[in-house]
Amino acid sequence: MNLHEYQAKQLFARYGLPAPTGYACTTPREAEEAASKIGAGPWVVKCQVHAGGRGKAGGVKVVSNKEDIRAFAENWLGKKLVTYQTDAQGQPVHQILVEAATDIDKELYLGAVVDRGTRRVVFMASTEGGVEIEKVAEETPELIHKAAIDPLVGPQPYQGRELAFKLGLSGKQVAQFTKIFMGLATLFLERDLALVEINPLVITKQGDLVCLDGKLGADGNALFRQPELREMRDPSQEDSREAHAAQWELNYVALDGNIGCMVNGAGLAMGTMDIVKLHGGSPANFLDVGGGATKERVTEAFKIILSDDKVKAVFVNIFGGIVRCDLIADGIIGAVAEVGVNVPVVVRLEGNNAELGAKKLADSGLNIIAATSLTGAAQQVVAAVEGK
């Protein structure tokens, strides 16, 4: 679960991290009043969406008068911001962050993730702030410095100092960076985060460090013990189909294609999308119904897939290991009958009770295309979309 920048900075303040004074506003009038509270300009106004690339899309602007703040708010509030990280529809803008502008001398990067390889929280710091860290990692990996947090002893000040020295900081900046490092690490661990980024972490003209931007991602599996973070959730930033799927413990990710995919198992789901693409098709989604697929969950999965107007065919690919294929067949038959599917449905069953499942599908009398192989199923669903 992602948080907005203004929410991240509210948490930063509680953990002693320096950030510009700012206010999240929902109306143009509030935005003007926020500027008055902050004091003399210039100010920075930022659209609050769960996506990067806001600046290039016009969602971040430095302004020197309150009329420009009002104009920015009137232009964006209630609209959608499209960036390279959103889909073509963009993300809705419901808040504008107004904050004091900062005189920047240099931009740095500081972030942390859970490294599954080392099973540690790993901090990353770089002198290449203000750009995507993925790009830095690909082109100049030597510019990324890391510090792994030992889960038994927790973050240590010496780790912050080591990173500060590697970034070329000196004097009071080392102490400031160490304080930011310790505060951010404590925030990460206490709040069950999966990702945190300060990009950029800037050195001001006065030589001080300031967290100019903030991105936090919470571990969804730990939200049950983070009630405050749960209250910060913004459903408007989430795909409605993905939210519906989460209620049924279905793993769903919307894509841009026209072939709906329903599969059990994440690996098989990715392989299914690959083979659809290989044969000239385009997946409309990733959907993993998991090992506990029931008739009810299969029905909901069909509803979610078909709620996407782009879907022209559905590919069901089930390997029966834990789950029995005949029970999946019952679920498919019930779902097709209940939902009223009016697009071709190609089903490939393999494994536990696959023959019985295939017989049930054949005897159902419904417009379901049975496939006996993965390659054949992919070819059939692509042909169905093309009307062949």
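The backbone N, Cα and C atoms fix where each Cβ goes, glycine too.
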Candidate from ASN258, ASN264, ASN367 that Swiss-Prot assigns to the same substrate site as GLY321, ILE322, VAL323: ASN264
Nearest-integer angstrom distance between the alpha carbons (Cα) of ASP213 (Mg(2+) binding site) and LYS46 (ATP binding site): 10
Other CB atoms within 10 A, centred on ASN199 (Mg(2+) binding site): 23
Minimum Cα separation from ASN264 (substrate binding site), reported as the residue among binding-site residues ARG54, GLY55, THR102 that achieves it: ARG54
Averaged pLDDT score, the domain 'ATP-grasp' (9-244): 94
Distance, VAL323 (substrate binding site) to GLU107 (ATP binding site) (CA atoms, angstrom): 52
